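Heads up, the thing below is written out as structure tokens.
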Amino acid sequence: MQKVTTIPYSIQWNESHITILNQQELPLKTEFLELHTLEDVFDSIVTLKVRGAPAIGITAAFGVALAANALEDEFFPSFAAKVKEAITYLASSRPTAVNLFWALNRMESALSGSTTVNEAKTDLVHEALKIYLEDEETCRQIGEYGLSLFKPGSRVMTICNAGGIATARYGTALAPFHLSIEKNIHLKVFACETRPVLQGSRLTAWELMEAGVDVTLITDSMAAHTIRTKGVNAIIVGADRIAANGDTANKIGTFGLAVLAKHFGIPFYVAAPSSTFDLTLDSGDHIPIEERNAEEITHVGGIRVAPEDVAVFNPAFDVTPNELITAIITEKGIIYPDYKENIGKYIAH
Ligand SMILES: CSC[C@H]1O[C@H](OP(=O)(O)O)[C@H](O)[C@@H]1O
């Protein structure tokens, strides 16, 4: 009997608070948290309780609306100044996913379009809800375009979690798999565990099993052997920031998969909404790469697995050069090289 596709809603707006699915507790515990203050929202993003480029932007947008609602200023200039402080504060939470800054810019524009405190509070909530609802439709469209690239029975590898819990719904790289269940198309997914934070084993394996997708978990080091021995046909990944020439920042380990795709002659797809493109950057050379604390590597489940005081390098992302990317799947369509020439035809910022 076909499992019903249960795509979890990871973020919900309530007038007095934001409810999020605590992604740090999955898969052992499905826990929802209420975020009541700006500090709660900041902490949830920094500590990856909510993570995934679009989800970070959506949560930050709701965070701005929440902070504005809590202000008691009646004088619009002082109110507006405090809302802008909240925007600046949330912008400092994580540096790589451009969706965070894209969403905060939309919130600042909504503020600038208001003239009174009450009007601004209403406009900010409406703008955050628009960002959320647009993302759900955007991800479904990405799923439709992505699914068109996979024949029934395809065996597809992915890394990290670019799924429904990393967006409003459906996800980006995982959206084709969610839609494949709705359309009764069999696809087999190989999910890389994604050291050190394990978004693949903890989140993608969980999310796809919940949805009834045929998923096999592997360690990141098994990728090459799995592609060769299990007949992987394609690789699809999400993105945190895409430069104007198509260079793409995504979870650490993505670049290595793109090199493997080239070696094995299989397509390497990036799936991302328009809000993930940063056309101010000519190339990926200037994409800020977040480095996270050493404990993510030296400890597993709170248990030390490396020597005290060992030197650690913990970049959370890497940049895949555009020449290794077969196509970029967006809600506007599938973008093929030459990216410098073609991105502008689809993405207007
Ligand atoms: C649609 S999620 C995009 C992207 O965000 C993830 O990073 P993180 O888990 O650190 O927030 C990962 O790179 C996904 O591919």
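Any Cβ shown, glycine's included, is placed from N, Cα and C.
Per TrEMBL, the feature active site, proton donor maps to Asp240. If you look up TrEMBL, you'll see Arg51, Gly52, Ala53, Arg94, Gln199, Asn250, Lys251 marked as substrate binding site. The annotation site 'Transition state stabilizer' is assigned in TrEMBL to Cys160.
Feature map: annotations from TrEMBL on the structure.
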| residue | record | Cβ neighbours (10 Å) |
| --- | --- | --- |
| Arg51 | substrate binding site | 25 |
| Gly52 | substrate binding site | 28 |
| Ala53 | substrate binding site | 29 |
| Arg94 | substrate binding site | 21 |
| Cys160 | site 'Transition state stabilizer' | 30 |
| Gln199 | substrate binding site | 28 |
| Asp240 | active site, proton donor | 31 |
| Asn250 | substrate binding site | 29 |
| Lys251 | substrate binding site | 24 |
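Among the residues Arg51, Gly52, Ala53, Arg94, Gln199, Asn250, Lys251 said to bind substrate, no two Cα atoms are farther apart than 17 Å.
Other residues of the chain with a Cβ within 8 Å of the Cβ centroid of Arg51, Gly52, Ala53, Arg94, Gln199, Asn250, Lys251, the substrate site, are Ile56, Ala97, Cys160, Asn161, Ala162, Ala166, Gly238, Asp240, Ala316, Phe317. Comparing Cys160 (site 'Transition state stabilizer') with Gln199 (substrate binding site), their Cα atoms are 5 Å apart once rounded. Distance noted between the C-alpha atoms of Arg51 (substrate binding site) and the residue listed as 'active site, proton donor' is 11 Å. When secondary structure is read from DSSP and collapsed to three states, Gly52 (substrate binding site) falls in the coil class. For the pair formed by Asn250 (substrate binding site) and the residue listed as 'active site, proton donor', distance between Cα atoms is given as 5 Å, rounded to the nearest Å. According to its DSSP assignment, Gln199 (substrate binding site) is helical. Note: the CA-CA distance between Arg94 (substrate binding site) and Asp240 (active site, proton donor) rounds to 11 Å.
The shortest Cα-Cα distance from Asp240 (active site, proton donor) to any of the binding-site residues (Gly52, Ala53, Gln199, Lys251) is found for Ala53.
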